[in-house]
């Protein structure tokens, strides 16, 4: 019998840089994957930030002014340091919220004014929201939402400051006109739909692809290698003409020197546009063929077998599985939309999932620099527990923890500000955000880019790190912090290692 390799006593060195790594929530063996599916926008087609968000913001701002909003709004420009994904708009009070998986409020702003604990409790007595109340709370999960998030903040800021309008609890009064936060939000959504449905955003993108779209020669290399071992399909909500323009730019004008140029369609076994995700993962829509010469849809429902080189429109995930002759568990789907791509494909179809999180490289860089703050937060939390360790229900003693709590708040704020004004996409201090909890629950794998699959063999076994439950981690915490001493002098917390 062959001997197993010995396990090194020291922690192994990483063979890949952090920005090349794929991170694992659940075990997954690439050798078992028979089919790879890809979204297009912000997955294969990565847009340049903040240029692309600035474009979306300007189109949105101009549209709102054109339908009657004050011209003073034109002075606002996009600030990439403010918004992050996963925030929640409260359409009743106009607040922008960052919450955890249970709906507990981590951060709250009204326009560009951040509210403290007492002010938050005036709106939310329990500092908690029912996020299932989708009529009131709107979750901004996509990268396309960043410009929308920021412009809504600008709207609230403008009307709050403008002397022509009277501030009321649920909106603004101007003479006989009342404008609620809810109606402002609906106008914003209508404007957002307008710039997408009319092709305004896509038109500007296609006219200046080099400015807005990242072209990486590793994309055709990845797709070529994947097709050797599995089937590959593209499923995008974008229409055919836009998909063609983007994919030609990424694949046909992006081939490494010495390689033969191929049609962008040849990289896929199946191409589906206008999928209308997340509906695509449920009942879906009619599956039709696209005339690739005119871009128009052919009449009738397509009921035949898979034809290579053919482009389809609509359909459903069940039809995709039938055409490609694969089961849900055999598919690894790669996308950036936590709800439309990842959650629905996992819950409804049982697909394996790979979430693209472009913000991850920035998050990793800051985490590496500021990790000492997080370690201090953990130690402070441990010392809070130690203060109460020998007290029980009969104890009259009340430990003074004000200095420790103050220090924890300061550390949390400093950590958040390292990422931007609304903090990290994934956490606030030691608490994970709603986005982070959904990512951990529904994404089997996640990474900053799908191209990081190139750094792994296609028989690789991704193994999730073991996670200790709270009762299992007690001994580990006691060992980690046993040699640390905490002192409080004049309400200033100081920790030293013995």
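Backbone N, Cα and C atoms are what each Cβ position is placed from, and that goes for glycine too.
Those TrEMBL annotations? Automatic predictions, nothing curated.
For residue 39 (active site, nucleophile), the same-chain residues 6+ apart in sequence whose C-beta sits under 8 angstroms from its C-beta are 235, 236, 277, 333, 334, 335, 336, 337, 341. Feature annotation from TrEMBL assigns active site, nucleophile to 39.
The active site, proton donor feature in TrEMBL is assigned to 41. Taken residue by residue with DSSP, residue 41 (active site, proton donor) is part of a strand. Within the same chain, residues at least 6 positions away in sequence whose Cβ sits under 8 Å from that of residue 41 (active site, proton donor) are 47, 144, 236, 237, 238, 336.
Residues annotated as Mg(2+) binding site in TrEMBL: 39, 336.
According to TrEMBL, the GMP binding site annotation covers 41.
Using a 10 Å radius centred on the Cβ of residue 336 (Mg(2+) binding site) and all shown protein chains, the other Cβ atoms total 24.
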